[in-house]
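What follows is a single structure, written as structure tokens, with notes after it.
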């Protein structure tokens with residue numbers, strides 16, 4: 001393994017809730033209308049300091065997508081997923097973008113999001129942008 005380089009962001013930052021590693025800037029949020037099994041999730045145009053898992057096809061609320069889970073590069077915690085391919089034409093805007101689960105990250109103001117006990121969403125994503 002090589003040397004680990006971790007980028008430090010400036011501005012309104014979303015970080016890994018386990019180790020504090022910077023993951024994304026609020027200015028890169030595309031949508032706050034996404035959902036995961038733990039509650040809310042945000043779609044970002046750019047995330048940093050993550051590694052990708054294996055690419056797989058998943059049936060989500062908006063159809064079939066090819067995705068890869070993403071993990072914090074420092075502590076290895078799963079923090080969301082990245083869209084590789086959207087199989088529906090209307091969902092192509094998601095390609096190359098990443099979703100961070102609010103339950104797994106700390107907000108710019110230091111806020112934590114707790115898992116919603118009412119939420120049960122199979123195949124996590126949303127239609128509205």
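Here the Cβ of each residue, glycine as well, is placed from N, Cα and C on the backbone.
Residues or ranges marked as domain 'Yippee' in Swiss-Prot: 12-109.
Sequence annotations record features per position, and here Swiss-Prot assigns Zn(2+) binding site to 16, 19, 72, 75 based on sequence analysis. Around the Cβ of residue 72 (Zn(2+) binding site), a 10 Å sphere holds 24 further Cβ atoms from the protein chains shown.
The Zn(2+) site, placed at the center of the C-beta atoms of 16, 19, 72, 75, has further neighbours from the same chain whose C-beta lies within 8 angstroms: 17, 18, 20, 21, 73, 74, 76, 77, 79.
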